[in-house]
């Protein structure tokens with residue numbers, strides 16, 4: 001009976017193919033699912049450059065080669081996708097004044113963050129529709145994860161803030177694309193969910209910040225350059241330290257949505273960030289969120305900074321209390 005039960009569990013295991021697993025949310029999610037105590041997932045963790053697999057191998061530990069396998073996949077290369085699927089958390093950030101960004105840089109962001117998702121879906125959606133079974137989970141962030149092809153499989157794929165114009169556009173494209181696709185998915189009995197984190201503290205964000213610090217601002221006017229340097233970059237780290245989640249927290253939310261009996265179309269992982277996102281839906285004209293963010297940045301920057309520090313203190317005290325409680329219970 002024990003052998004039979006184990007065999008049934010293995011047969012019901014969900015195959016999940018995740019892109020962008022060299023770091024960040026992709027790595028955290030791949031490891032969390034591979035280490036699932038009930039072994040409900042077989043993870044195919046992919047990355048564009050296999051030379052960067054050391055961190056994943058170390059984190060996977062003894063699960064490597066058992067519940068987790070590492071594969072090569074580049075969401076900007078159709079042949080790479082076909083090769084991998086026949087046997088996806090890729091993302092690119094771009095911050096700064098648009099005057100200082102080239103059209104090629106902008107195209108690369110859109111190609112990775114939006115068309116990367118489209119390429120993956122073109123490859124696997126026909127089979128999902130044919131079987132009328134599957135769950136598409138979109139992480140509306142810089143990471144995308146894609147599930148393989150069976151009735152138990154899950155598909156993940158990669159989400160307006162000041163000086164994030166092109167990056168925001170790529171994520172808006174993903175959201176609009178998925179809102180449209182969700183209607184068709186219902187007809188084929190497919191589930192579709194959008195995971196919407198706020199700021200996430202990862203190596204990706206650190207690199208984006210470093211690139212921003214090194215940006216050549218000579219093409220921008222003096223006021224815009226000053227705004228980017230002394231307002232945006234100055235508050236960048238503080239925002240992430242106050243409001244940011246870890247990749248592991250986002251991974252935990254994502255797994256819960258995957259396993260939910262009736263998963264929602266949208267799920268926000270960060271309650272601290274929710275009031276900011278609800279502003280968009282509070283005013284049909286769209287003026288309210290723009291006006292509030294403008295005043296926060298340019299008129300009440302000291303209040304905004306003080307609020308971030310207060311939130312940071314509350315979160316620190318909450319974690320401290322939790323840690324103390326945990327240790328005393330032991």
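We count from 1, first residue shown onward.
Every residue, even glycine, has its Cβ placed from backbone N, Cα and C.
What TrEMBL records for 167 is active site, proton acceptor. Here residue 167 (active site, proton acceptor) comes close to 93, 94, 95, 109, 113: these same-chain residues lie at least six apart in sequence, with C-beta atoms under 8 angstroms from its C-beta.
When Cβ atoms from all protein chains are considered, those within 10 Å of residue 28 (NADP(+) binding site) total 24, not counting its own. TrEMBL lists 20-48, 74, 171 with the feature NADP(+) binding site.
The substrate binding site annotation in TrEMBL covers 141.
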Return the count of C-beta atoms lying within 10 angstroms of the C-beta of residue 36 (NADP(+) binding site), excluding that atom itself.
16
So for residue 40 (NADP(+) binding site), how many other CB atoms are inside 10 Å of its CB?
17
Among the binding-site residues listed here, 20, 24, which has the most company in the form of other Cβ atoms within 10 Å of its Cβ?
20
